[in-house]
Each structure stands twice: as structure tokens, then as C-alpha cells.
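Listed in TrEMBL:
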BINDING   CYS43, CYS46, CYS80, CYS83  Zn(2+) binding site
COILED    107-154  coiled coil
COMPBIAS  181-213  compositional bias 'Basic and acidic residues'
COMPBIAS  300-325  compositional bias 'Polar residues'
COMPBIAS  326-339  compositional bias 'Low complexity'
REGION    181-260  region 'Disordered'
REGION    293-345  region 'Disordered'
Amino acid sequence: MSERKVLNKYYPPDFDPCKIPKLKLPKDRQYVVRLMAPFNMRCKTCGEYIYKGKKFNARKETVMNELYMGLPIFRFYIKCTRCLAEITFKTDPENTDYAMEHGATRNFQAEKLLEEEEKRIVQDREEEELNNPMKVLENRTKDSKMEMEVLENLQELKELNQRQAQVDFEGMIDRYRDFEKREKEREKEEDERETKEMLDRALVKRLRDSDSDSEKEEEEDSSGPQAKKPSTDKPTDILTTLKPTEALGPSAGGVKKAKVETWERSVGTLGGKGALGLVVVRKKPAAIFLKPHPVAAASAPTSQTDSKASTTDSKNASKPVTTQNGSSSLSLLGAYSDSDSNDSE
């Protein structure tokens, strides 16, 4: 199967183009084309209106022996949509339009005819003025006179409308100008007043700031160097805070403050005089009393008993025992030892 779209075709070796028969067609042959109606028309047979833009399957032919500057003119044949009567029109390259020929009349032709008449009048006038200077002067005089009449008529119409409407346009314009002037003055006054208020507020604020600064300085000068109250980081720190040195008296000035532990800050000490010290009762240590040494001994102790007694005395002497009133047991042992020595003497 050969290709459908090819660029080169096969020509056999014995191909002779002169042997191909030529197709002889008449010059006035017709073609079937699809076109739209170029203008509004009305059929002469049935009176049907055919509007511009309606599509037809038309027959097209070239008009014989009719040219315009070497351009051919074409004729179109269409049929009425109602009675199927034949309607013909052809091209008009001179006016870049279409010309109606047979079977219908063109609608809205009055405007076109008027334009053609005006063009014809202007063309005739230019031809007259070209060869006659006096005609040029007459035409200018006529034009100026016509222009003056038009202006007079226009002025009369304006006066008539003013009398009927009874509206003072000049007064309206003057009032509008006065209103604009007053508005501008009012806006200017408002701007000035707002600017003055802003300046006054700024001045008052500066004066207040200066007064507050001076009052602070006076309070600082009058108060002098005073002890600041200790600040507490936590609510429970008030239980562990120490009294100031002034309340404790002159003897507490040289005493070094004890370091407060973390658990004492949150819970508080039991030995202090705070709130927890009153609730919790501290257990007192038991008092140690020594038996008095007998003065009159019946028999002297042996060497072993003497050695045991001496060791017990030395141990008791090395361990201090706290009594109820806080005195050490070493002082009591010393007192008893002195009394024993006096008895033996």
C-alpha cells in the first residue's frame, strides 16, 4: 500500500506531458459557493424580507466584458427563502460594496442615496470654483451668512428655554462658587484648630513629665539612704527570714548570719519562733545525774576494780554530757574529783 501523503511521485520513463488531454471549460462557468447576504433586501415576488447575514448556497459566475481597473466583477444567484424566486446581485469594487440587479429591492437605500447626492454637489462646486474666482467669493459670503443665521437661531432657542424654565444659571454658578469658597475656609480653620490642639496636648504632656521627674527627685532627697525591706522570692521564705540588726541590738552587729538551707526555706525550722515553732513541740534531752562517791569506804578496792574504775572515769570524762540547764558533765566530774581528793587527805 502506497503512502497517503508523499512529496515525490513516480514518473515512468515513457511519460510525456504533451499527451495529457487539456480540460476545456467555458470562461462564464458557474461555481457553487456558500455566502451570506451582504445587505437587507425584500423579494419583489412575495415581499419576504431577507436580512443581512443570512446564509445561502449561491451560484457564482464572472461577468463577461465588464472590468474595473483590471478587476473582474462577479455575479451571485440566490433564491428567496419563501417563494424560491431567483435574486441576483454583483460586486461593486468602485464603491467597495454590492449592487442589486434583479429579483429584489435593497432596504435602507435612502441614506446611501443622500450621501451620493452630497458628494455630487460638492464635486460640482469644486469644479465651478476651479475656473471662476468670483464664484469662490460668492460661496464664502453665503457660508458666512448661513453661519451667522445658525448662531442667531441657536441664541433665540437658548433665550426661549430660559424664559420657559425660569432658571437663573448665572446665579446658580455664583452660589456654587460661594459655597466652594466657604467650604475651603471651613476646612482651613479645622486644620488650624486640630494643629493647635495637637501642639497643646504635646506641651501639657511635657509639663507633666517634668513635674513628675521633679517630684521623684524631691522624694529621693527627702528620704535619704534608708534600708530596703528584704524581698522574698517565695511565700514560705517569710518563716526563715532573720530580723534586722537594729532590732537585735548592738550585740548582734558582729554575729555572722547562718546560711539558710533549701529545705528550711520551703518548710521552716522547728527551733525558730515562727509559726511552725509554736505548733511543733521539741523533745528535750534527758538529764544525766552522777551518784555521789561514798566518803567512808570499808575496804580498799582491788587492783582489777581500780583499773576498771579508772577506765570508766576516763571514758565519762572524754564524753561531754549535756544537762538540763546546758552545762557540761566535764565540769561536774572535775568537781567530784576535787571532793574525792580532799576526803582522802
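Cβ coordinates come from backbone N, Cα and C, glycine included.
Overlay of TrEMBL feature records on the structure.
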residue	record	Cβ neighbours (10 Å)
CYS43	Zn(2+) binding site	20
CYS46	Zn(2+) binding site	12
CYS80	Zn(2+) binding site	21
CYS83	Zn(2+) binding site	12
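DSSP states for the compositional bias 'Basic and acidic residues' (181-213), grouped as helix (H, G, I), strand (E, B) and coil, give 33 helix, 0 strand, 0 coil. Beyond its flanks by at least six residues, the compositional bias 'Basic and acidic residues' (181-213) meets no residue of its own chain at a Cβ-Cβ distance under 8 Å. The record gives CYS43, CYS46, CYS80, CYS83 for Zn(2+). Within 8 Å of the mean position of their Cβ atoms, the other Cβ atoms in that chain belong to LYS44, THR45, GLY47, GLU48, THR81, ARG82, LEU84, ALA85.
Along the coiled coil (107-154), the predicted structure has mean pLDDT 88.
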